[in-house]
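Trainee: Okay, here's the structure, questions in a sec.
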Amino acid sequence: MKPQFRNTVERMYRDTFFYNFNNRPILSRRNTVWLCYEVKTRGPSMPTWDAKIFRGQVYSKAKYHPEMRFLHWFRKWRQLHRDQEYEVTWYVSWSPCTGCANSVATFLAEDPKVTLTIFVARLYYFWKPDYQEALRVLCQKRGSPHATMKIMNYNEFQHCWNKFVRGRREPFEPWENLPKHYTLLHATLGELLRHLMDPGTFTSNFYNKPWVSGQHETYLCYKVERLHNGTWVPLNQHRGFLRNQAPDIHGFPKGRHAELCFLDLIPFWKLDGQQYRVTCFTSWSPCFSCAQEMAKFISNNEHVSLCIFAARIYDDQGRCQEGLRTLHRDGAKIAMMNYSEFEYCWDTFVDRQGRPFQPWDGLDEHSQDLSGRLRAILQNQGN
């Protein structure tokens, strides 16, 4: 039976928004997909031409899904406006299913004058290979038109609140753990779409001169392997990179370090009781607090071994030294990155477009110097 929904609505109720757009990664009973859209003419001023809401049931026939309803409406309308270029933005409670993702990819290939940005509150069946592949096809960057997909953060939720929620008399108040859930989903989408780092970002952040100023971000690249018949087998579905979350009054008021964001992510993988090896490549070694939390993790998860390769040592005085020693004592392997680790990260995590890794002046000397300092820190058990 056809779902009893009007084609579009202009506003949703406050409780409807909070219930359906909650970004907790795993939620049950959210069977209605809400798609808020904006269509703008492409140009300097980019006025909004239309902004409404489609909705549909996830378990209904594909033609009743909101993505398909939007395409049906937009295709008919485009017949009268073939020459104009448009930028379309979606804010959806769930990412598209495989059928809708494939249909949207086909539409974009047929109409290159339309660009599409999709902000999603949650990822639908993100652990299933066919869903992962459909989203990769939809968002592939080379060879054909593609969509840009991002996870909704505070700004997008606030925008939807202001634009698509009726009767609002108060500002948007984020629910508990919104920023933490955003971080998890952002990293998961990066794994799924196989996001790569900009070459300049890698070079500037992983430059291993022992003393640098102005580097307040930490980047953490990671890979996971499982032991099988005595051989470590890469799990490429759990490979990616993330960075620390800057202080934000609407997100993490005190910020959140990259290592803690990474520890938030690991339980999301649902690793079983087999033996795993997790390897991190970080632009800075962990601070005292992060080292303590990582030590707790490996103590509580004896089937997971942890290897950390750092480009630089973060504040190698006082408590940071103590934190590194604790982490090392509890079983983590800690070392400084050398040429082979930098090259591996360049080849694996950077959008290098075929360019080989070019070491900067002093890379080997800096690595040797830092390795000596790290050995002294880890061996100085008396401090």
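For all residues, glycine too, the Cβ spot is worked out from N, Cα and C.
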Trainee: Choose the correct range: of 168-175, 176-183, 312-319, which one does Swiss-Prot annotate as region 'Interaction with DNA'? Give that range.
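Mentor: Feature region 'Interaction with DNA' in Swiss-Prot: residues 312-319.
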Trainee: Among His257, His303, which residue does Swiss-Prot name as a further Zn(2+) 2 binder in the site formed by Cys287, Cys290?
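Mentor: Zn(2+) 2 site check in Swiss-Prot: besides Cys287, Cys290, the record includes His257 out of His257, His303.
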Trainee: The Zn(2+) 1 site in Swiss-Prot includes Cys97, Cys100. Which of His65, His72, His81 is also listed there?
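Mentor: Looking at His65, His72, His81, the one Swiss-Prot places in the Zn(2+) 1 site next to Cys97, Cys100 is His65.
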Trainee: Using a 10 Å cut-off, grab the number of neighbouring Cβ atoms around the Cβ of Cys97 (Zn(2+) 1 binding site), all chains included.
Mentor: 21
Trainee: Taking the Cβ of His65 (Zn(2+) 1 binding site) as centre, how many other Cβ atoms lie within 10 Å?
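Mentor: A 10 Å sphere around the Cβ of His65 (Zn(2+) 1 binding site) contains 26 other Cβ atoms.
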Trainee: So which recorded positions are near Cys290 (Zn(2+) 2 binding site), with CA atoms within 10 Å, out of His65, Thr218, Asn244, Glu259?
Mentor: Glu259
Trainee: If you draw a 10 Å sphere around the Cβ of Thr32 (phosphothreonine), how many other Cβ atoms fall inside it, taking every protein chain shown into account?
Mentor: 18
Trainee: By CA-CA distance, flag whichever of Thr32, Thr218, Cys287 among the recorded positions is nearest to Cys100 (Zn(2+) 1 binding site).
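Mentor: Out of the listed candidates, the nearest Cα belongs to Thr32.
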Trainee: On a simple 10 Å Cβ count over all chains shown, which one of the binding-site residues Cys100, Cys287 is most densely packed?
Mentor: Cys100
Trainee: Whole-number Å distance between the CA of Cys287 (Zn(2+) 2 binding site) and the CA of His65 (Zn(2+) 1 binding site)?
Mentor: 47
